[in-house]
Amino acid sequence: MFSSIITYSPAYTIVPTYECFNRCSYCNFRAEPGKSAWMSLSEAGSIFKRLKAQVHTQVVCEILILSGEVHPQSARRQAWFERIYELCELALSMGFLPHTNVGPLSFDEMQKLKQVNVSMGLMLEQLTPELLKTVHKQAPSKVPSKRLQQLQWAGELKIPFTTGLLLGIGETEQDWWETLEAIAQIHLDYHHIQEVILQPHSPGKEQSFNAPSFNPRQLPYVISQARKILPADVTIQIPPNLVQDSQWLIACVEAGARDLGGIGPKDEVNPDYPHLQKNDLERILQPTNWRLKPRLPIYPQFDAWLNPHLQTAVAKCRDTLSI
Ligand code: SF4
């Protein structure tokens, strides 16, 4: 029987630090600046060794480096950036493919990280500046123009990029389409956006923002509209742990979502919503024609943008996963 493919990335997330100088009111991740120890290289090395040892039961290719932010003007910014760079280097040296998402970076920082990352990411979230009066009132990194600038720099630097929208944080429906149109336009300029994540707001225990979950029943509609706005070579990703009803998850796939993101032990951004594992997803998709297939954090059409060292690492991982 003919089956269609929906992808996921076998991934593990490391967090260099939870400290963040922003205070997004829906955040369930951050710690106060100076109150979260930074991940050491030996700690990361132990994690990577453990992941290597389990290769016969569970292959992991992507290391997602997800961090809270140290202020760009802080005297600690350089050390923060260097730790992230070194963690990427270490992951790479142990056969993993780093994908960094650590908030807005300077052009120079992005250029450096390109040397040790196969792709990078930053959620655009929403383009409307209205949210700077509400959920982003104390989040200088969430100035939309700053984030749009990152997408543009990623294009100029030829960095394969993942971005996305956070849905249900006080924006209007019109805001969704404007944000998607901005992403579409920037992709038409540089052809570098691999994926757009549509992430429904899902309240957690730590946040102060008092609003319900984004209605999962609306998600298939947003996906089908997004599919019309985004160029065909941009994949739509949804996080399956945030669409908790199997029927609605299938409806999202039918509406045009083709990727389920990184599947690992923990969703660091939404710790109250455990990741569904590969077996769970296979069970949900079993009655349908959709079949899961692993992918790397870089889509094949971007391989030529990488330096030779990264290209070799990618080729090895493709071999390991037989893709
Ligand atoms: S959502 Fe991200 S940027 Fe905002 S406070 Fe949390 S960690 Fe910082």
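Backbone N, Cα and C atoms are what each Cβ position is placed from, and that goes for glycine too.
The following features are taken from TrEMBL:
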{"type": "BINDING", "residues": "CYS20, CYS24, CYS27", "note": "[4Fe-4S] cluster binding site"}
{"type": "DOMAIN", "residues": "6-241", "note": "domain 'Radical SAM core'"}
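Counting every protein chain shown, the Cβ of CYS27 ([4Fe-4S] cluster binding site) has 18 other Cβ atoms within 10 Å.
Here the Cβ of CYS24 ([4Fe-4S] cluster binding site) has 23 other Cβ atoms within 10 Å, regardless of which shown protein chain they belong to. Annotation for CYS20 ([4Fe-4S] cluster binding site): same-chain Cβ neighbours under 8 Å, separated by at least 6 residues, are CYS27, PHE29, ARG30, ALA31, PRO33, GLY68, GLU69, GLY103. In sequence order, ASN22, ARG23, TYR26, PHE29, ARG30, GLY68, ALA139 are the residues of the same chain, not among CYS20, CYS24, CYS27, whose CB sits within 8 A of the CB centroid for the [4Fe-4S] cluster site.
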